[in-house]
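Undergrad: Below is a structure I'd like to ask you about.
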Amino acid sequence: MGLFEKIFGTYSSREIKKIIPIINKIDSYEEEFKKLTDEELRNKTDEFKDMLAKGKTLDDILPEAFAVAREASARVLGMRHFREQLIGGIVLHQGRISEMKTGEGKTLVATLPAYLNALSGKGVHVITVNDYLAKRDRDQMSQLYGFLGLTTGVIVHDLDNEQRREAYNCDITYGTNNEFGFDYLRDNMVIYKEERVQRKLNFCIVDEVDSILIDEARTPLIISGEGDNSTDFYKVADFFAKTLKEDDYTVDEKTNSVILTEQGIEKAEKFFHIDNYGDGDNMQIQHHVVQALKANYTMKRDKDYMVKDNEVIIVDEFTGRLMEGRRYSDGLHQAIEAKENVKIQKESKTLATITFQNYFRMYTKLSGMTGTAQTEEAEFREIYGLDVIVIPTHRPIARIDAPDVVYKSEKAKFKAIVNEIAETYKKQQPVLVGTVSIEKSELLSDMLKRKGVPHQVLNAKYHEKEAEIISHAGEKGMVTIATNMAGRGTDIKLGEGVEEVGGLKVIGTERHESRRIDNQLRGRSGRQGDPGYSRFYVSLEDDLMRIFASDRLQGVVEKLGLTDEDAIESRMVSNAIENAQKKVEGNNFDVRKSVLQYDDVMNQQREVIYKQRSQVLEGESLKEDIQEMIRSVISEAVDAHMSGLDETLEEDLEKLLAYLQEIYLPKNVVTVDELKIKSDDEIKEILIDIAEKMYSEKEEEVTPERMREIESVILLRIVDTKWMDHIDNMDHLRQGMGLRAYRQQDPVQAYQFEGSEMFDEMINGIKTDTVKYLFHIQVEKNIERERVARETSTNINDGEGGSHEPIKRKEEKIGRNDLCPCGSGKKYKNCCGR
């Protein structure tokens, strides 16, 4: 603690001092509200709504509203908010992050700001990490909200559009970050406004905010359709990768990448029968080889992914859960499928995408809760404008956190851990053991079996039994091995007689690269003032120590002449570990910041497209816009074709008319001879007059009302098609940006500049295609209004955790020979699919 903090207190304590008078005000209503009947208490909700309608603010009514929610909670749930929970609730209402330790009742805390903000009628979203927790919290807390006259909904994976709309229209809606994000994307792909499900994004409370806004920040949400690329080349590239020897490639563990050596490049040129592997023409080969190398030499089975039912499934590195339905992007998933010799799925095409960073920044007010946020305080402030307030615990923490024990080898470390578990088991003290991978869990499990220690294993392979196992983990004599405990969401309550033997003992088998994940594991013990104990066991062979800890530490151990059996506990070692973790956290922050800088370019473009889509959906007449598009397309065509040279005048006019005949102009309506005596401006006028006259005739033929609907459907269809292609193009542009840094060019600035040019090209393409389709479309008078309820496949789990790979949902693909959904009556391939 610095001198400033010693004198003035920490930032959190200074901020909490400002909140205490509001807490005292809330307390002052207690006796009065206890005397109210249930009906009188319930009527307070309507009174508050009236006060807001008459100009009062949420802050004006906060003390009284919190007091009402507190009294209602005591009556309905049998739980009365402590003063610390009131502080947490105020911090959330202020749009900040409440850091509250495990077992301090975060779910109950959220009811206070949720109730207050729901009174405005604009909706409150409570985000949890999985469907199970969303349903559990909604079921429990809807009793309280219902008592106070508010409605509660929950968004889970298998709801249809009608059920989703109903849930979003409730006063308070629970759900996962994935579901909310996907619904936002789908709402911006609909053709009719009635198909949208979300309201405007108002106030959001994110539970486990560090997991969602930090761990998953590198994870774009992607809605995808099937691409056209063949999968055969993945098998060829995999075969090549498997023929390589160790000196044909180098593995960079820090960046998790593999590159061919000179010798490897020679082998590639020979294998693929090419002269120069680095040639731009061979980018396709390079891409497949890079992914095959990564799949074979950095991606580990049962650590990064599992093969289950002949399918490759990603394992979440933060929670150890299986992430069914998610796929690695950029062909890596297909490369792993080739490596494991399972069916290779086709690459997909991105239809819509957004990062969590940009989704959550759209809320008018954002807040969050977690047990561990302080280590990432700078990132919360810089990226989201959120500050972290540490809320004091209701009872003092009685857990003992022992210093780390360091062994020379991993083998010696695990032997010591097993001995420690066996000793603890003898006195019937429950033990929770945290591991970093499924592989390590199973190794430890085998060692404990040989030692005769009964235990439970909790990891991705068995997560169906998860809640059941966790509910018993605090009972006498229980030994539970768990892959990373982040986001488990279930408290471990101590069984009878456990306090007497020292509470829950937590053993970490390795330091995670994030201090926060270590703190989460520690925090499982010692909840609500319970006794407890935690300790981490580390070896110099652990990934974190091997890759990031300094060589100096290795030197110290050598000098001490430690044998495999010896262990050291020292401040220097603990500092070295913490510095290694800070180094990794810094690297990860830089990566997330870089992702955001690139995504901000896409985000500005996305906002323009989605805003215009929204205006079209809201039924604003497009007639003037379409006429402006017609004028713009014709003017630009004339400017592009007319060189101003007399000797090429006739040729210029012939090319101009041929070009416009493709778009709208019937043959022989106007001739080169008629136009060659006119100025460019007069030519524009003649051609625009013809177009406007033709358009008026088409409108009369189908009725103005029907024409407005056709304009809307066609414009949306073309915008969507062009936007999807633009997303792909921007993705390719971004992949090429790494080379710009070598040319002394700022890659982000280059991406911004070129991306802006590509966006302008896309807008011009939208105008031209819209005009072209509107002139060419043949409309059947009685054609039924198009319904485009886009269905996504349901192969995605509730999406916990934070893989750094895109989360994808799949869209149904329109067949080339199906009728075009735009209502033209033509086959898709001859209409919008051209």
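Note: Cβ is positioned from N, Cα and C throughout, glycine not excepted.
Grabbed the feature section from Swiss-Prot, which reads as follows:
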BINDING   GLN85, GLY103, GLU104, GLY105, LYS106, THR107, ASP491  ATP binding site
BINDING   CYS820, CYS822, CYS831, CYS832  Zn(2+) binding site
REGION    790-809  region 'Disordered'
Undergrad: Beyond the listed site residues GLN85, GLY103, GLU104, GLY105, LYS106, THR107, ASP491, identify every same-chain residue whose Cβ lies within 8 Å of the center of their Cβ atoms for the ATP site.
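TA: Those within range, site residues removed, are MET100, THR102, LEU108, VAL109.
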Undergrad: Looking only at GLY103, GLY105, which of these binding-site residues has the biggest number of Cβ atoms within 10 Å around its Cβ?
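TA: Of the binding-site residues GLY103, GLY105, the most buried by Cβ count within 10 Å is GLY103.
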Undergrad: How many other Cβ atoms sit within 10 Å of the Cβ of GLN85 (ATP binding site)?
TA: 26
Undergrad: Between GLU104, ASP491, which of the binding-site residues has the fewest other CB atoms within 10 angstroms in the structure shown?
TA: ASP491
Undergrad: Return the residues near THR107 (ATP binding site) by Cβ distance under 8 Å, restricted to its own chain and a separation of at least 6 in sequence.
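TA: Correct list: ASP137, GLN140, MET141, ASP207.
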Undergrad: If you pair up every Cα among GLN85, GLY103, GLU104, GLY105, LYS106, THR107, ASP491, the residues annotated as binding ATP, what's the maximum separation in angstrom, rounded to an integer?
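TA: Greatest Cα-Cα span of the listed binding residues: 17 Å.
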Undergrad: If I restrict to non-local contacts, at least six residues apart, and a C-beta distance under 8 angstroms, what lies near LYS106 (ATP binding site) in its own chain?
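TA: Listed in sequence order, they are GLY88, SER98, MET100, ASP207, MET369.
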Undergrad: Let me know the DSSP-derived helix, strand or coil state of GLU104 (ATP binding site), please.
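TA: GLU104 (ATP binding site) sits in coil per DSSP, no helix or strand.
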